[in-house]
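Asker: Annotation comment: TrEMBL describes 11, 13, 188 as Mg(2+) binding site. TrEMBL lists 125, 126, 162 with the feature substrate binding site.
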């Protein structure tokens, strides 16, 4: 990590925790919790904001909404209204201890060293901001709650699509005390890394077990790391 780096912007899935946690644990948990939630909370004010965020044709009935959620989840569509609902469904699982985010072992030590060095940590994920906060508040680390060490959370609603340079410029604008070149974005997604670079940030590709295979071209064009210990 360059000495000029003052802010680290982190992706979540495939960067700080395994993709399998999201695909094999979180997604199925939400689908399992959905029917009971629709049955008991359909008309509740607390649930209405999530229901009404869906397109009208899919929010017309419990059955229509359930079918749409299952379809979007199966296709891994990054629809903001789906991400918001998933966060709502995961909340109880985190709070009861059924869900706990398995961070890669090199993540927490690096968080600690960044804190000692005065480096600011910010999160940017396609998952909703509430879902991000739940994940970092309930990890397998010690301490389990890392939210106090994170200066900001961004998603596709408050920042924009992760493959567009304008989204990274918007995030950087929220921290005017730092120049774009003082940011380092870490992600397993090559297109996201390219977008961050277009916005003037430093950016590395993170290669973790279970991530998609990187092309030879990606390895030539970008610095690739397997662990935050390499920074």
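Every residue, even glycine, has its Cβ placed from backbone N, Cα and C.
Because TrEMBL annotations are produced automatically, they should be read as predictions rather than curated entries.
Quantities reported herein were computed from a predicted structural model and do not represent experimental measurements.
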Asker: For the recorded Mg(2+) site, whose residues are 11, 13, 188, find every other residue on that chain with a C-beta no more than 8 angstroms from the centre of their C-beta atoms, and list them by sequence position.
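Answerer: Near the Mg(2+) site, the remaining chain residues are 12, 14, 15, 16, 19, 125, 187, 189, 192, 206, 211.
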Asker: Among the binding-site residues listed here (11, 13, 188), which has the Cα closest to the Cα of residue 162 (substrate binding site)?
Answerer: 11
Asker: Fill in the CA-CA distance, residue 11 (Mg(2+) binding site) to residue 125 (substrate binding site), as an integer in Å.
Answerer: 5
Asker: Cβ distance under 8 Å to residue 126 (substrate binding site), same chain, sequence separation 6 or more: which residues?
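Answerer: Sequence-distant Cβ neighbours: 13, 78, 83, 155, 156, 162.
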Asker: Cα-Cα, whole number of Å: residue 125 (substrate binding site) versus residue 188 (Mg(2+) binding site)?
Answerer: 12
Asker: Give me the largest Cα to Cα distance among 125, 126, 162, the residues the record lists as binding substrate, in Å as a whole number.
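Answerer: Largest pairwise Cα separation, rounded: 8 Å.
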Asker: Would you list, in sequence order, the residues of this chain other than 125, 126, 162 that have their CB within 8 A of the centroid of the site's CB atoms, where the site is the one recorded for substrate?
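Answerer: The surrounding set, listed in chain order, is 11, 12, 13, 78, 124, 127, 155, 156, 192.
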Asker: Write out the long-range same-chain contacts of residue 188 (Mg(2+) binding site), meaning residues 6 or more apart in sequence whose Cβ is under 8 Å from its Cβ.
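Answerer: Expected: 11, 13, 14, 15, 19, 205, 206, 207, 208, 211, 212.
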